[in-house]
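**Q** This is the structure, below, for whatever I ask next.
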Amino acid sequence: MSFHHLCSSPSSLLHDPLPLCNLLSVYPKSTPRSFLCSYNPNSSPFHSRNLLQVTHVSVQEAIPQSEKSKLDDADLPLPDPPASKSYVWVNPKSPRASQLRRKSYDSRYSSLIKLAESLDSCKPNEADVCDVITGFGGKLFEQDAVVTLNNMTNPETAPIVLNNLLETMKPSREVILYNVTLKVFRKSKNLEKSEKLFDEMLERGVKPDNATFTTIISCARQSGVPKRAVEWFEKMSSFGCEPDNVTLAAMIDAYGRAGNVEMALSLYDRARTEKWRIDAVTFSTLIRIYGVSGNYDGCLNIYEEMKALGVKPNLVIYNRLLDSMGRAKRPWQAKIIHKDLISNGFTPNWSTYAALIRAYGRARYGDDALVIYREMKEKGLSLTVILYNTLLSMCADIGYVDEAFEIFQDMKNCETCDPDSWTFSSLITVYSCSGRVSEAEAALLQMREAGFEPTLFVLTSVIQCYGKAKQVDDVVRTFDQVLELGITPDDRFCGCLLNVMTQTPSEEIGKLIGCVEKAKPQNIGQVKMLVEEQNGEEGVFKKETSELIDSIGSDVKKAYLNCLIDLCVNLNKLERACEILQLGLEYDIYTGLQSKSATQWSLHLKSLSLGAALTALHVWINDLSEAALESGEEFPPLLGINTGHGKHKYSDKGLAAVFESHLKELNAPFHEAPDKVGWFLTTSVAAKAWLESRRSSGGVSA
């Protein structure tokens, strides 16, 4: 640790560290002679310039470069050296040089370190401590006492040593000895002993100084009790102590950890204005503060400010940044931070990998998440239940069936965690969405054997699985189980029933009508009109569909309408499909389906089901016919249909593949654009000619 003059503050030493060779005291009665000797610096514990001085000066030790950023290491004052110094050159090859080295304070300092080690290892009682000090072989001076206590690490013997030295030498500045003893407690993160020693100081009539409070505050920080650090900081003024910018910078971290975000950020604003030196630990706390509050741009700004100030990020900071980017669902920025971490020479630890899996898993970056997962396995790092479930949930959402099975098997073989209800839910969802009935049933059985009852979410997935396999009787049986378990069907469950209807042969749809009626009676009106060929009074279907839209949650409205339109298309009821689509437009459930510019008119189908997309195409073609053939409106140079370029996550086919086939059936002049995947384009001339031919042939339905 470092020392500086009585008149210095901890911050002054941090900013203007003295050279390592600075004036080393020996004895007050030393002959005032100085010698300049050249010798191997590695032979000295100071590794300094080759200055050996034996005048009456103070013991000082400069801050190593690696310690400059550690604001907790506030230095403690010692007596001032005299103003006059003299130097005499001595030939380093002379026999006198080695004699002088032995007599120098280098040698004495080494002896004091050994004394500190002996005191650390002796029994914590007055007799043994006294024997060790007596056996030192020479009189101890005030500077010697400071060096000895400063190099101790045992919190049990340190207070006994302090009391012995206070009684035997009657130091002129008792507070200095108390402060270095407090540093011993800080090394062992023993806040209780620090606070007890502070009380003893006051009982003895010793007035604490800035270094006293700084040391206790940093001990509280390191002990993980930031609220205590705040309490000690707020006591300073009552003892006439004013914190310097080193202590204030440390308090940014303490206030942040204690939950006083406003004070932490206020101090940070002041730190930027006054250019305080802030350590990596405090920056880490600031990143955490912004991350918890959802200010993810603030996290990145702190990171950039760190780099601009020359403060090197540590692994904790990188991990917190990765965690924040995961919460923000910014996997691309997590990738950049991960690359920075590697390029700066850090090795990812468990927390790094966990943050990356969460970031990639939440954002459904499947391949990236699996790379990190396999790298963890190669390094022998265990995953938690939460990480396994994050991966399985991701696989369920993006259709990675084989990968999900691999992860589940690995989890079962893992000795550190067992599958829980969420694990089985994700696995059943994977199998259900891909139509693997036997695997889904086996997973459901394993879930029950593990002591978990299936939730509504799980049973919804199972019904979806039976629907894909067209096992309608099993759908009805599972629905009955839901009611037997006392579970009330929600909007998603009812939407799943509608979705199953769209995949069910028309002759078996009747089996599902009863389920729909029990689950959500509001649905049954439209379904019966569609399935049972009920026409009803004019406007009744639209009215009941409007009531249905009003009765369901906003997160499922589009799914409901998609299913109803798909059912209409399957039953060849295009007019009903158009009515539902129009209602969706009026309720802003479907937005941005058509766009017009001076160069291109477009139809956008990316967010629609197949039936809804075909219905929207039918409406658009009718609109184009009316515009060109009846109103005489001029088309722009290009017309386009955007289906999106992706495929369905549980199917080899996407909307683009289906539409390519459908457009050929219509003999439409739209062709897939070679440079714009998922786009089908045609010219205004070709479109008009095709529309003319459709009208002359009777307008074949789209």
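Cβ coordinates come from backbone N, Cα and C, glycine included.
Found this in TrEMBL, in case it helps:
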type   : residues : note
REPEAT : 174-208  : repeat 'PPR'
REPEAT : 209-243  : repeat 'PPR'
REPEAT : 244-278  : repeat 'PPR'
REPEAT : 279-313  : repeat 'PPR'
REPEAT : 314-348  : repeat 'PPR'
REPEAT : 349-383  : repeat 'PPR'
REPEAT : 384-414  : repeat 'PPR'
REPEAT : 420-454  : repeat 'PPR'
REPEAT : 455-489  : repeat 'PPR'
DOMAIN : 603-688  : domain 'Smr'
**Q** Could you give me three numbers for the repeat 'PPR' (174-208), the DSSP helix, strand and coil residue counts?
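**A** Taking each residue of the repeat 'PPR' (174-208) in turn, the totals are 27 helix, 0 strand, 8 coil.
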**Q** So, by DSSP, how many helix, strand and coil residues make up the repeat 'PPR' (279-313)?
**A** 28 helix, 0 strand, 7 coil
**Q** What does the DSSP secondary structure composition of the repeat 'PPR' (455-489) look like, as residue counts for helix, strand and coil?
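**A** So the repeat 'PPR' (455-489) is made up of 26 helix, 0 strand, 9 coil.
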